[in-house]
Amino acid sequence: VGSILGASVPLAVLRVTGQNTDHNSIQTVHRQNAKKVYFLSLVSQGAGGWSPQVTDSQSWLQLDLRDRMEVTAIATQGRYGSSDWVSGYLLLFSDTGQAWKQYRQEDGRFVGNVNADSVVHHRLSHSIRSRFLRFAPLDWNPSGWVGLRVEVYGCVYKSDVADFDGRSSLLYRFNQKSMSTVKDVISLRFKSHQAEGVLLHGEGQRGDYITLELHRGRLALYLNLGEFVTPGSGRVAVTLGSLLDDQHWHSVLIERFNKQVNLTVDTHTQHFRTKGEGDSLEVDYELSFGGIPLPGKPGTFLRKNFHGCIENLYYNGINIIDLAKRRKPQIYSVGNVTFSCSEPQLVSTTFLSSSSSFLSLPATQSASAGFAVHFQFRTWNPDGLLLSTQLALEPQRLELQISNSRLRLTHHTSAQQKEEVSTATRVQSVTGCPSLNILGCENPTLAFQGCMRLISINSQPMDLNQVKQGRLGNYKELQFDTCGIHDRCLPNFCEHGGQCSQSWNTFYCDCSGTGYTGATCHNSIYEASCEAYRLTGSSSGFFSVDPDGSGPLGPTQVYCNMTEDKVWTVVTHNSTDPVRVQGSTLQKPYVMKFNYSASPEQLMALVAGSEQCQQEVMYGCRKSRLFNTRDGTPLSWWVDQGGERRTYWGGFLPGVQQCSCSLEENCMDMNYFCNCDADTDSRANDTGVLSYKEHLPVSEIVIGDTNRTGSEALYRIGPLRCYGDKSVWNAASFYQESSYLHFPTLQAELSADISFYFKTSVPSGVFLENLGLKHFIRLELSSPSVVTFSFDVGNGPVVLAVKSHVPLNDRQWHYLRAERSVKEASLHVDQLPLRFLEAPSDRHLRLRLNSQLFVGGTAARQRGFLGCIRTLTINSVTFNLEERAKMTPGVSVGCPGHCSGSSSLCHNRGRCIEKNSGYVCDCSQSAYRGPSCMEEVSVSFDRESSVTYTFQEPFSVMQNRSSKASSDYRESGRARENIAFSFMTTQSPAMLLTVSTFSQQYIAVILAHNGSLQIWYRLHVNRKPDVFSPSPSSLADRRLHRIRIHRQGKDVYLQVREGGCINIWDDMNLKYSLSSDAELISIKSLTLGKVTGVDAVDDEVMRAGSKGFIGCLSSVQFNHMAPLKAVLLNRGSSLVTVQGHLEESNCGTLADLTVLHSQSGIV
């Protein structure tokens, strides 16, 4: 055991000679030596060990160390020479032996022994400073009994303590009028049972201040360095910690250097930058601890002062309490400050179960024959019964419960009549699911789950110690002497700004408005690139892209130009128009900084993930040179993304100080490298395209030669344009079972998302594997139709499997995505239902790996994968398979086959299917048909015509992954809808398309009375719908119009392509914001054309629905569903209902004929 001691030593010896002790055994430990104190020693020879008379979960072993000690490690054994040992236990600590707190490590429990003799050590991640320790067995040898020997390591703990009674404080007065510091270190430990109170305060005349206070059980730090605070604007606090009013010690450390501040409370640290104009904190006269005294009135405080104990209070190395104890003149005491910590006897009890916990107490008769009860409670749950009692006048009954986080008192005067009163505001610190029965053994279905203390009935305090000993009342599923409440939102596992809420047993993340989804808001709802949007079937328009996916960078808006073979991503900045410059010199140059629509970090990620980027630079001049013609000194330059000065003005050769005309050998004067360097009175131009992407985008331009007579420059920096996604087709082929690619250890302790495409012809193989000492993570094709995701974080192996109805070893590309977080694990393959499993609460959280990551095989070189893997992305980092494959035997770069390249063989969501001698396009997910999924599917409607597609079962576009679902399967999706169709009509108003749900939500696309396009979103029944109208122009103009609607959360992107003449299109790209990002819940149907008999539809939509649609509808797509194809290709399907007359048509041909007739004067 020497290796775990460090600076700690064993401090006292306890030998238990009897084999059995009392049920709840309290063992007293005596010191043997004042200099070398032994807490407790393992008994390794001879009889010994603790075993309770009754083996159950109510037994515990308690140690009294006689004084507060600092405990750093513990060790356990089973009972000597027996089959008795403890395999899992809780460790609790207390200063008084009455109010206990659980020591929480990652999973809340300690792993014990597997036999009676081996020793299991645990070094504590943070030490315990306490007098009493309690070991509470949870699991033991099923073939034996509870048996325990323990050893505790640590050292003597010394502290200076001050007790503040709520009316007192200590003032530390400076030697000079004010104290100005650029660096501060303040540390202290405190304990209190009050949720409010000032711990520290200081302020200066220029507006500086520092305040540390308890507020609602959390610690709030207010810090300002000279910023003027307007009256009424309020002070902004940084808050940390929770439930700090629990009568247990909490440590605080404040570290400040200039404006950078670290605030640490217990084991949690928050880094922030304080406000203010200066870097120093200037405090006048004094610092106060324990309250803010009102000047001139000792004992009077501006805010509620601290009630509790503070120890080891240091301000910049000065021991404040030691100075106060020694009555030093720098310390002035206000009120009654004592130097020993008083311990209020506030004993709590915890109601453990939400279904079976109760406490039944006798009600003593009051003098007034009335009924009064007092108690304090704490819970996370929003509902549950607190109190139920039968009154003296039967059948009257009184119930107090939490309902929707509000207190509600119900007086049942008879079996049919009752009176109710509720609190107007929500109960603080209540958000979850509780139960507690006082005075009634009738236990409701939803019981109180939480803590209670200070219970009195009819002015008679209830002694919970007597309840615990069975001498008062009755109870079930209670834990005495401790409040077991735990803040599961600290630390906050909700990512990307998700809001954490909790119940007693778990936490939930609200991802609304974050742009992310999933149980912990880990997954971006946006695609990573324009190339990815093209692969989903989108066309040109504005889109939000998230270049690092689940990484820390948020989404940014770009324009995706998909009109060419290459998909271009366009990022604009604040100055894309030409700018004229005059009067600048090298000493006083003209400087323009460019602010892009994306942050520098987002731009770097976007550029790094692109195959190629470029940016056009236009520099027009008249007597304005780029370089000094004598010595070549740059007179103008631009600055790259890293802040470096660049002096080349075109091409991709950054080391060459030239313009494009020199590279192309067509400068107007070949004696110079740039046209402008000829320095003539006539206008010249040096326009080039910068294409060395590591330098892009241009962040700044500097012009320094426009101060001579007649001298001027005209420049324009175009938008950043990038194409390609390096990750999409980054692939490797594995053709030896023993081969693999290896990468550094996967860094995925708390969360991991893994996605890739694969194709193979073999029945099984491991896709990837990473091992730890005991932990592991693995993805494999376990049989021709089953993909398995398995891992172990210390709670035992977890296996999720998705079974396909068709073989997956069909040589076609299949998509796989696996995710594991502290909240849940999931596995998704192609369009199959998502396999989902919730993580157990209060167990191990961190995945600890130490080997290399093996891709395409295993460390044992067995069960390797044979086939192709591409687009491997882990936690949004794309792995360069091709680079590793170049140097690995048995692995080659890329994948063979027609469908393995970036060229689009199949269009409009069509899927490329490999064949032995070529390929075919699967158009089942497309609204088009034909060999390449490019032939439109069109139908002509009349006034009475309609097509209704009824979903086979209630379908949710985006399943709320943070909901409390019990099913192991969940619908896969994102917070979005994709709608696309073409239409031609002369009718208005008209109903084009409507989507309705079972919950009375709807989306409607209509033509208003004037023929203008309107999009209606009604996502909440009790709110007004969001209505968007892109243009007042009429679209009922007998021309073909193409509509695309793409929703991501609150963002709606609309593209309207209007036909001006044959093959000439004008695009309208707009973005709107919805009032809510709610998903469509349980979609019922989609209807094209006439709609009747629909409830909860607004009047204007109803009028358009009753008018129907006369004209041609083409290529209608809603997500992966194409209703017109279902009508024409699946006649007789029970999912499709047709009303009126429909006729297959060709909208594009009709539109071309209409335009030709119009141009010929026929129409």
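Each Cβ is built from the backbone N, Cα and C atoms, and glycine gets one as well.
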Of the residues CYS868, CYS912, CYS921, which one does TrEMBL pair with CYS895 through a disulfide?
CYS868
Same chain, outside the domain 'EGF-like' (896-934) by at least 6, Cβ under 8 Å from its Cβ: which residues?
531, 534, 536-537, 565, 724, 728-729, 731, 733, 759, 811-813, 868, 870, 980-981, 1115-1117, 1120, 1122, 1124-1125, 1129
Answer with yes or no whether the domain 'Laminin G' (161-341) touches the domain 'Laminin G' (730-895) by the criterion of at least three Cβ pairs under 8 A, sequence separation 6 or more.
no
Averaged across the domain 'Laminin G' (161-341), what pLDDT does the model get? Just tell me the whole number, please.
87
Which one of these disulfide-bonded residues has the most other Cβ atoms within 10 Å of its own Cβ: CYS868, CYS895?
CYS868
Three-state composition of the domain 'Fibrinogen C-terminal' (521-573), taking helix and strand from DSSP:
6 helix, 18 strand, 29 coil
By DSSP assignment, list the helix, strand and coil residue numbers for the domain 'EGF-like' (896-934), in that order.
3 helix, 11 strand, 25 coil
Counting by DSSP secondary structure, give me helix, strand and coil numbers for the domain 'F5/8 type C' (50-155).
0 helix, 63 strand, 43 coil
